[in-house]
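Marked as transmembrane segment by Swiss-Prot: 30-50, 91-111, 128-148, 193-213, 214-234.
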Amino acid sequence: MGFLPIALPFAELEVGQHLYWQIGNLQLHGQVFMTSWIVIGAILALVVVGTRKMERDPHGVQNLLEFLWDYIRDLARTQIGEKAYRDWMPFIGTLFLFIFVSNWGGSLVPWKLIHLPSGELGAPTADINTTVALALLVSLSYFYAGLSRKGLRYFEYYVHPTPIMIPFKIVEDFTKPLSLSFRLFGNILADELVVAVLVFLVPLFLPVPVMFLGLFTSAIQALIFATLAAYYIGEAVEEHH
């Protein structure tokens, strides 16, 4: 991917530039690791604050956490089914929270004020490596869900309703993580690019409505990713007759 500089300090955006950490023979994207750990720290802090002093009549952060718990529980129950959803609620909830906080952090936190030797900080989900890793994690999870619940009977899925479907089902196993990863990556990166370009062209008020639209889109993308992950797991544990 090429190099795209936008000269204004508060609107600077560099696509394809990374801060690399060398660990053995591996090159890691340092800025993605930094922002990912910041996101994880923010989620952990939210949980600690919300559960430190539990009350029967919740308010504040505890009320927010209970709302999220109920919402994720309903989502998992609807997509996975009554029998198996409890086992997968923590996974679906963690996915949703990580993506949601990452997306909103990319829109609300002024990462570009923090200067790096190379590249710049931004939403972890605006990096293709993060979204591919999340999508592969979902793929491994629904394979595990199917095999752990059905054993070798899981592979009946590939011949249901007819063996003619085998090549299509195999192709589907590759397209699921691709669609998950590129949908999330494309939307979040496009949102950051649009806001940066508008700030460069009209730096005062025009970008504000676009930023609010970006927040809405970011929340929807987190919901779509979590819903599809739950749906794929539900599809894997579903009994075929």
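Using N, Cα and C of the backbone, Cβ positions are placed for all residues, glycine too.
Sequence-distant neighbours of the transmembrane segment (91-111) (same chain, 6+ residues past either end, Cβ-Cβ under 8 Å): 10, 35-36, 38-40, 42-43, 68-69, 72, 75-76, 120-126, 130, 134, 138, 141, 184, 188, 191-192, 195, 211, 214-215, 218-219, 221-223, 225-226, 229-230, 233. Tertiary neighbourhood of the transmembrane segment (30-50): same-chain residues 18-21, 60-62, 64-65, 97-98, 101-102, 105, 111, 116, 119-124, 127, 129-130, selected by CB-CB distance under 8 Å and a gap of 6+ residues from either end.
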